[in-house]
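Visitor: Sharing a structure with you now.
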């Protein structure tokens with residue numbers, strides 16, 4: 001593996017983000033269609049049972065993982081950026097992380113089974129439900145291999161595993177349900193998704209670094225030292241997310257909960273445009289000995305420019321997308337607008353977090369997570385009973401704003417600056433076009449074309465440079481194919497790029 005250099009790293013991030021973004025979109029879409037089919041076949045009870053099984057598994061997994069996969073992401077980039085024996089270095093960290101995850105997930109699964117044995121029927125969970133939850137939690141140790149592939153920017157291989165496992169999930173889950181196995185058949189299909197994807201990622205990881213399982217206690221200390229700062233606030237975030245939805249369900253009802261859930265999923269699809277690129281900065285920046293701030297700022301600028309026109313369009317035309325899920329869910333338009341209003345803040349937080357991780361500033365990450373998530377948890381209890389899904393969205397955005405302010409001041413202390421003029425223009429163009437389209441009630445097709453014109457403005461004002469476009473094209477199409485397409489479109493492209 002070649003030593004990571006500053007030159008070309010943006011292209012590597014774009015290429016990795018391309019496949020990771022489509023993996024994320026596929027995961028979100030398949031979840032919606034899977035639950036839609038199951039709810040029509042078996043009703044809401046089946047969906048409810050499966051959701052609490054997955055919820056318990058996710059909560060236990062979040063408590064016990066100690067952020068080891070975040071640490072793995074950092075050290076994967078560090079190892080692959082070395083000139084000397086990068087495979088051995090990466091192998092030691094990966095197998096140490098996966099063995100540790102297997103151990104702690106095993107403890108978590110035994111705890112879940114013990115609850116079912118000693119307290120049968122507690123909290124409405126049957127023994128069968130707790131058994132499936134324990135299995136789901138145990139399979140979670142395979143997440144280390146997914147983290148490795150993403151950090152090594154092998155996201156195309158990751159995408160293949162996502163596609164294959166989704167197909168298996170639909171076939172097995174729906175077939176077993178139709179054969180009369182009820183929610184247990186659906187649970188087996190859901191389990192197949194995680195098991196198959198994790199197994200494929202383990203195989204692909206072994207192909208890259210070799211199958212030489214080993215455990216190094218010193219490597220584990222380094223992984224935990226890097227991961228725990230994100231684990232503690234992440235745990236608060238996990239609890240906060242569950243509390244927000246549960247309080248909404250208990251105080252308002254299932255319809256409002258469903259409307260908010262769909263709105264949050266749509267917002268996540270938009271935010272993933274920026275988050276995938278900024279998230280992949282961690283391994284890339286960790287592998288650089290110099291130029292981290294320049295590469296990070298460049299990726300942030302590019303990711304924000306790619307996201308903002310889409311974010312503004314969905315924000316000002318929310319019902320256009322929510323109506324696709326049914327008129328009953330269109331009430332989520334206000335939470336969707338509020339969540340997307342914070343998209344620049346989310347992008348900046350993601351960028352600075354990756355940069356702080358690369359520099360080993362774990363204390364900043366820890367406090368930033370607390371500043372983001374503690375206000376969310378507090379505000380959930382205050383605003384959700386009063387304002388429903390809008391209250392949940394307001395709580396989420398308030399936490400994001402407080403956390404971003406903290407990251408901003410810490411970034412300035414570290415000498416991390418974003419060009420103010422470029423940032424203002426990046427935000428101003430789509431927001432002004434969006435406001436204009438909204439107030440004159442412009443048809444959604446015309447508004448889409450106008451906001452799409454933001455990209456041309458970005459090119460003309462050099463917010464997106466020709467070098468950026470060249471790196472994006474080479475990353476997504478390959479050098480030869482990109483050159484061939486450019487030659488054919490040269491008469492059209494040159495006037496636009498001048």
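Any Cβ shown, glycine's included, is placed from N, Cα and C.
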Visitor: Name the residue range among 263-280, 281-298, 299-316 that TrEMBL annotates as transmembrane segment.
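Guide: Checking TrEMBL against the ranges 263-280, 281-298, 299-316, the transmembrane segment one is 299-316.
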Visitor: For the transmembrane segment (93-118), could you work out the same-chain residues 6 or more beyond its ends whose Cβ comes under 8 Å from its Cβ atoms?
Guide: 56-57, 60-61, 63-66, 68-69, 71-72, 75-76, 79, 125-127, 130-131, 133-135, 137-138, 140-145, 147-148, 202, 205, 209, 212-216, 219-220, 222-223
Visitor: At an 8 Å Cβ cut-off, counting only pairs 6 or more apart in sequence, do the transmembrane segment (421-438) and the transmembrane segment (299-316) clear the bar of 3 or more pairs?
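Guide: When sequence-distant Cβ pairs are counted, the transmembrane segment (299-316) touches the transmembrane segment (421-438), since at least 3 lie under 8 Å.
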Visitor: State the non-local partners of the transmembrane segment (389-409) in its own chain: residues 6+ outside its ends, Cβ under 8 Å from one of its Cβ atoms.
Guide: 240, 244-245, 247-248, 252, 256-257, 259-260, 263-264, 331-332, 334-336, 338-339, 341-342, 345-346, 348-349, 352-353, 356, 364, 367-369, 371-376, 379-380, 382-383
